[in-house]
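The next block holds one structure in the form of structure tokens; read it before the comments.
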Amino acid sequence: MDGVPVALEPSPEDFAAILYAEPGALGLIANIMAGLVVAVENMLNPPFAPMSLSLAGVHLIIFGGFLQLVSGFLCFRRFDHLTGTAFVVFAALWTVMGVNHILVPQLDPGDLSRGILPGLLGFMGVSVILCLCAVTVNYLMPPVLIAILLALIFEGVGAFFLWGRRVAAAFEIIIVLSSFYAVIVMTLKGVSQRYILPGFGNAMYDPLLVRTTASTTARRIERKKNTIYGEPMGMGYLGNVVPATVLIFHHLGYFQDFRPAMAMFVFSLFCHVLASFYAFLRHDFFHAVQFAVYFVFWMSRGVLQLFMTMDGFGNAALIQRVNFYGQWAVVILLMIVTLSSIIFARVVFFYNLYFVVVAIMSVDHIPVFAHNFTFGVPAAVLALVSLYVGMAHLENSIAEKPVMWLGSELVNEVKLEEFFNKLFANFQPSNKTNNYTEEPEIDMKVVDSIGWIASSVSLLALSPLEATNTVLPIPWILTAGVFLHLYAARLAYAAGSLAKAYVMVVLAVFWGVWATFLIDQNQAANLQGASVAVLCFFTVVMVMTPTFTRVWIPFSLLMELCVIAQVTTMFNRDPPWMILVTSLLAALVSLYAAFAEIVNTTVMANCIPVGEPILKEKIIDEGCPPCSLYSSRRSSNLHKVVHLLDEGKIVGVPTDTVYAIGASCKHPESISRLYHVKGRPPEKPICLCLASLDQLEEANPPFSPLLFNFMRRCYPGGISCVVPKGEWLQRLGLGDAVDYVGTKDSICIRVPDSAVLCYIVSLHGPIAITSANISGGDDSTHHSMVVTSLGDKLDGIVCDGESNETQASTVVNCCKIDEGVISYFREGCTPIEIVDRYFEEAKADIASKSTRLEMNDIINPEKSKAVRL
């Protein structure tokens, strides 16, 4: 079989779309509850009892933070980029406010006000971007977001003046009222699956109407193609705004006590980690790695500033600060990310390039008096640029096309792959597999990439321990060594590798022991047992590494020495320079491995050697799939599917509703096979699938302006129109196949809103399709269901995961549309009410055009006659 093998996934449990309902309602309820808490507090006069502040803080964290974060999760799983981003952003905001409520009794009021204001300014900037994007979505989100923006502005004023709190309370009441109405609208929509009340159905400004001349290569389209989760790139880039804003004001001397400002870095935690996770789930491996590096940089810088303002740490952190080189690991990783981004949009490449400059300007070798300006000023520019890059990605995701400029790639992906293949040609085995072929393999590459990033940063931070002090490595070890390894373990579990998850957890425990010791060296005796346990656990890791890529073998040997160095340190037997030598050597291996895996996962090819496993896992053959399977994420596979259709074969394809099976109109006998494959009665017609309405208009069918106007509103989407047959079908290229599709007098036209299917049809030409199920059986909502029910009768199946809908399209009879009548053969995923609305809008549009033409006849009959001629 020449298809790309795709692991068969278990048949999904049947569920209705209503079970996901409208998670936005949950997020808005969280806003209502959090807004009420803050509004009531702003109406009262301080000071407040510590217990009252703590209870209010807990309520804000649970209701405003946790519930809204869950809502953001669900929104991304429902392909809602903007709402998911907004809920994650405001989940961070309410969490920050909750944490600061709890800290109020322990902080000076002046320090608290100055510490939270920069973060609020960052949230204001992100809120402006969300407001601008919301204008292109519906009528109800912008008022809610504008009210939140104004409430933030006056919360900032209220930190210094009491009247600001009163004004903020008024806007928080507006948030509550507008959110309350939005909850009613979304709940009714979730129950009825249609908009009953106004506010969400239409947008003030529709980005789909914006024309663009931007072009992208097929490989870029292929990389972005994924219909499982919403696109998190906008959220990831916006995640740089708040931490950058906080550090700008701190370095420029606006506030000194970093404790109230540290809570603002929850924003980076939520935005960057979630964006990385959802990028991983979407198989967008570059952004999964990129956002993980962003998170390490900002969180480590924040924790470092926190330690410098804490008693017992600040003075020690400044001693021999200029000798600490641990942060250079992040600089090198950002350089690698920048190199990889050269095959993405120009704005993304130059953004990462500038991020490298900012990171270099933040290194600890720069004296303190100059460091505050060298880092503060570039960070201000980065925050502003992040607003544009984040908005561009959000708006382009909403419009599903490049309406905001990001530019084309500087270097073609193939050229970059060829460059590294030539560069490392002498180190590659002659029989190497150049391209990844299986998704689980690629998933593990991302797990390895993030694991190497975590190890590189933490090891390079630990290595100067004996030459500087014990404070400076702590932020990098906590962020990268502990948290990022645990995050990599989560990804490994999601990728199905318990072995790699075990390795990442052991490394996280190893770094946790180091962090505890560095924070309080008096705990060395208590950590002796933990360090010995880590030594035992990591010995097991060494036994497992021959089943990983070969670069893991030298790394595990050097890491075993690092673990031994940790044990000797805990037992007060510290050989001179052992920590420096072992950790530095292990860091160099990690940096090479990170470079190799990041580039390999970006170009999806083994162009930089990391070595094949010495012991390969034995794969148990559970039986070959009954037909060739083609992953939809590679355009080369879609070309193979087109070749099958050209040969008269039958293939299973995804649509914007449920899966279908298709045959070429160039081979009428293959259409006849469709009936036999699914056992379809011959009296039930098969519909014709086109790539776009333009394809139909080129055939110049004798359709009325009303019919064309109506079809433009229906296509592309989950509506099929039955229209009269005619000679125009021959101009469309059907030939003898015209007798095999539709009935004697009519034919059903389908223009799906599916990038995969439309790409196939645009390459091949019109195809005949019908639902991919045994006649009378359940619709197939996942490619595994097609494999199970019809796999042995098909020649190939395009695997695209879960369908966007659980019902087929709505079929509309348009044969009498010129008489002002449409009827329905079947109500499917698109409600009849929506189709009726389209029809009424089309009639009104035609009527208004006729009225204008008649007025022109009256005003200037000669000109109107000339126009008609």
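Backbone N, Cα and C define each Cβ position, glycine as well.
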Which range of 25-44, 545-564 is transmembrane segment, per TrEMBL: 25-44
Range among 83-104, 523-544 that TrEMBL annotates as transmembrane segment: 83-104
Highest-contact recorded stretch vs the transmembrane segment (577-595), from 116-137, 144-163, 261-281, 288-308, 328-361, CB pairs under 8 Å: 328-361
Proximity verdict for the transmembrane segment (261-281) and the transmembrane segment (328-361), three or more C-beta pairs under 8 Å: no
Per Cβ pairs under 8 Å, the stretch of 83-104, 116-137, 144-163, 169-188, 288-308 packing most closely against the transmembrane segment (234-255): 116-137
